[in-house]
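Asker: The structure's right below; bear with me while I get my questions together.
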Amino acid sequence: MKKHTVAVIVNDQPGVLQRVSGLFGRRGFNIESITVGASEEVGLSRMVIVSTGDDHTLEQIIKQLYKLIDVIKVIDLSANAMVSRELALIKVNAEPSARPEVLGVVDTFRASVVDIATNTLMVQVVGDTEKIDAMIELLKPYGIREVSRTGVTALNRGNVSKL
Amino acid sequence: MTTTNVTTKSREELIEKFSKPEVISGSEILLRSLLLEGVDCVFGYPGGAVLYIYDAMHGNPDFNHLLTRHEQGAIHAADGYARASGKVGVCIATSGPGATNLVTGIATAYMDSVPMVVITGNVISTLIGTDAFQEADITGITMPITKHSYLVRDVEDLPRVIHEAFHIANSGRKGPVLIDIPKDVSAAKTLFKPVNEVSIRGYNPTVSPNKLQVDKMIKAIKEAKRPIILAGGGVVYSGAHEQLLEFVLKTEIPITTTLLGLGGFPSGNDLWLGMPGMHGTYTANTSIQKADLLINIGARFDDRVTGKLSGFAPLAKIVHIDIDPAEIGKNVHADIPIVGDVKTVLEVANQTATRANLADEWRQEVLASKKQHPFQYKDSDTELKPQWVVELIHETTNGDAIVTTDVGQHQMWAAQYYKFNKPRSWVTSGGLGTMGFGFPSAIGAQMANPDRLVVSINGDGGMQMCAQELAICAINNIPVKVVILNNQVLGMVRQWQELIHENRFSHIDLAGSPDFVKLAEAYGVKGFRATNKEESRKVWEEAMNHPGPAVVEFVVRRDENVYPMVAQGSTIDQMIMGDAE
């Protein structure tokens, strides 16, 4: 089972997310993460979907996506060098005594503190999924109150423009 | 038929008529747009959310609408119309329950790639999402079973949306498209200008094949010792029957056609091996298993055709021709994939295709097998056999009728014993296996072909799922000949319970069915019954000679099974041959 990252350029129509996610659900394709936002062109959105499956599944995912009328382009990002990033906000317990240790973790990960309260810190971390997983793992001993992750967004490296 | 009092105008005449820019309602725009798309008959059922649309129909001399008695009848009729004509079938229903009653029919059309435009009304825009009276999120409900769908929020979009919907429905891999129109949009007025162009970014079905791939196929044919063609519904849908015949005559490769491919190739041709799969011929199934080259032309390797996938055509190099790239490699790996419209692909292939010269021995073997293993059943002089009835219908119609069926044993017997020679003469629910489809689809097929004989073969189970549409036949004098092969049980379920569940017959007895002759007469349709061969010949002839619609009930043997049969999980050469062999 491999992890695949695909970008799906879609018409910015009501219901388009439902069409895409519904397709994954109906055909038994896994969605590990899905993000949607504006693309470089007005009227088009870019979805980035991380899925797991063998190569046959990936081929079917791409072909089935192309059958949707609102899908303009599907790009298998993981077939080439790509930059993938996820943002997480982590609210972690940080009594004054524990704070220096927590800040040490934050520094090491080049994350930043975006809110401080009497007993907690909110940490913002950007990176690939593994980095965020690692950070959460390291903060766990201090007591994590809440985590919010955006899911992966990604682009291929280099000069190639895909649309 | 007396039903069409609408004179079909040409598109030019209509454009002329509608060319004067006019402020009209969304409903009026809908009707004009449908006429401009060449729609000559719409099936539907009114209700609150489509009141403006029905009001626009009132007294409209151009527009032909057939009021069914249930939305399911309307959509299956639109489906039958599309399958029998190649045109887009259209049906209209109101919001909420009207729309949800269409779901089975939409799914049926989606599974079998039938071009349809389904128009539903919805509650007024401001009420959408409030659980308003008769509100249902029909675009959401039908998303997995439509090729595309629209919820029209602005009357200005209506002409474009309708034009796009027809284009999408009837191009590429065909399918149903839903247009949901809120009541206020059908009431709103705007200046109407017909839309003549359609351009949908990202939607460009590949029609012409990659020539190199076609060359590979031609080379594979030259090298093949045991080639076989598997042709499906794609042949019929793309109108490729002549090109397919030419291809077979040039290559002399034996051919088998799937359930939906029946009629796509003349059954009288020597090289035709019948239908493959669960209830296919011995020769079609064993030949696929022995083949070293299998050329799939517009079929999708459905599990009813392949049986156990891992053991399907184990020796064959696979060529797969399909307009839908997602079908290629979905179930069966293709060694030579060819994406394109079947007709165009065959036109290209026919330029260089030559006889499969290494396959002489194979041809002899296959043809000998075909002679040795025809479909057969033990006839009886005391009980009426359903197979015999289908043979009777075939003989007396010279194989020229349009035959529609419901789903079950009678469907398989019709597929086995009615020999089709022309495309679009066979209307049956394949992929979804929809009971209740057979009879209303015949109404649509007859509307599309007023001059042809339409015979609808049904079981006593499925007939009771849409029997109310007899009213439509009666009042519009639609002369469909409705056959009921009455065995008093859900026959196919009974067969599986006998063979797979050790004779534990659970809830299959249809006792309590109406007297079908009286049922027909209650609707004002001529009813006939036959219980033996002599009666059968007599009443069938009477029914055929009757100018209007007729219901003919044949009381057939209860325990008859469809053979051969491939049990689920078996490879297709593991056939239960039944009592005839």
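Even glycines carry a Cβ here, placed using N, Cα and C.
All TrEMBL annotations are machine predictions without curation.
Feature annotation from TrEMBL assigns domain 'Thiamine pyrophosphate enzyme N-terminal TPP-binding' to B:25-139. The feature domain 'Thiamine pyrophosphate enzyme central' is assigned by TrEMBL to B:214-347. Residues annotated as domain 'Thiamine pyrophosphate enzyme TPP-binding' in TrEMBL: B:406-554.
How buried are these features, and what lies next to them?
Answerer: For the domain 'Thiamine pyrophosphate enzyme N-terminal TPP-binding' (B:25-139), the model gives a mean pLDDT of 97.
The residues of the domain 'Thiamine pyrophosphate enzyme TPP-binding' (B:406-554), classed with DSSP into helix (H, G, I), strand (E, B) and coil, number 63 helix, 26 strand, 60 coil.
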Asker: Could you give the number of helix, strand and coil residues in the domain 'Thiamine pyrophosphate enzyme N-terminal TPP-binding' (B:25-139) as assigned by DSSP?
Answerer: 54 helix, 19 strand, 42 coil
Asker: For the domain 'Thiamine pyrophosphate enzyme central' (B:214-347), what does DSSP give as the number of helix, strand and coil residues?
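Answerer: Final tally across the stretch: 54 helix, 25 strand, 55 coil.
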